[in-house]
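Among the features that TrEMBL reports, domain 'Major facilitator superfamily (MFS) profile' is placed at 1-383. Positions annotated as transmembrane segment by TrEMBL: 12-31, 37-56, 68-87, 107-131, 138-158, 237-258, 294-315, 327-351, 357-378.
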Amino acid sequence: MAKEFDWDKTQSGSILGCFFWGYTMTQFLGGYLSDKVGGDVVVPIAACFWSILTFWTPQFAYLSTDKYVTLHILVLSRVLLGMFQGFYMPSVTSLIGHFIEGPHKSFYTPIIAAGQYFGTLISGSIGSILLERYGWQSVFYFVGVCSILWMLGMRYILIAKHRKKYLPFIMAENLADKPIKKDQEKVPWLTLFVKPAFWSLMVGHFCENNAFYILLSWLPTYFHENFPDAKGWVFNVVPWIVSMFSSVFSGWLADHLLEKGYSVTFVRKFIETISLGGTALGLILLSYMTTFGGALFCMAIAVACCGFHNSGILVNPQDIAPKHAGSVFGIMNMAGAIPGFVGVYMAGHILEATKSWAAVFNQTAGVCIFGCIVYLLFGTGKRII
């Protein structure tokens, strides 16, 4: 798309990053609604809208022949796409917090997160083939159709079965004139906001997401520019295969450590050190690589370590606020979505100004190290609200 519409790296960074403008807006709302009405209701509705927007993206790109009008149209569509996808993770976290008890939350959360890597893997591998054979438009149509089919499946499984299961009880309560009891306990925000553990959670999530979003957004461009003869499917597939397995392994490792008697606080900090520290190491090494194999290996290390985040900070809201996990996660992920547009845009700006990938990788590694230190000093696995 950048080649066809003649975008520079700053404009490409804006297109990639504007998704997270909308993604940030709906994090808290997604968590709040999921805690109140259920994530099984919220997710299919949001999925309906993001599927349609994805499918129609190629049509949005050709609504105008003016380069800058097209740019603004795509920015708007990406913001809306981000808004609807912003409901997903808080809703899932709310579901896990309400229906899964005990230490097994450490296992189920990364299992679900691994699905995101699997989606990236499928879209990256099949998308690369579609891109080479049929053009970039086919990639959006493929992902859009898959999203619509997934949404229909979710609607049947989560809503139809949910109603079938609970309808007899609801009818019985209505006939008996007994009101349905709802949990009206409010989130003690003031108590939460004065806890250093909560803010360490925010900082660590921000720093890890900064690395992840930069890798996700700029990985194909890096390999295309530095290794133009490399097959696109290789660097679009290999890192995400590794991260998928690392995410599941991190969940197993966290559960194993908890079963051995280690505290939740120790396990969360240990796993997050692997995540942030390993990502920083991979990025630093990547800046010195001159061969395709070496660059692919370092990139795989960095992305794989991102997978450990799913058993560290990502599951931590369920530890510190089990009754309000969706709302707390929404606030945390709202902060974590900021680097999606700031970090991605700044990476494009740095590349445009310095022409140096090493500058991007090294500053991203520095941010990861900072986040690791803050979480090690102030993080906790104990319930605080």
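The backbone N, Cα and C atoms fix where each Cβ goes, and this holds for glycine too.
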Count the Cβ pairs between the transmembrane segment (37-56) and the transmembrane segment (138-158) that lie under 8 angstroms and are 6 or more residues apart in sequence, then report whether there are at least 3. yes
Long-range environment of the transmembrane segment (12-31) - Cβ separation under 8 angstroms, sequence gap at least 6: 1-2, 42, 46, 71, 74-75, 78-91, 93-94, 213, 217-218, 221, 325-331, 333-334, 337-349
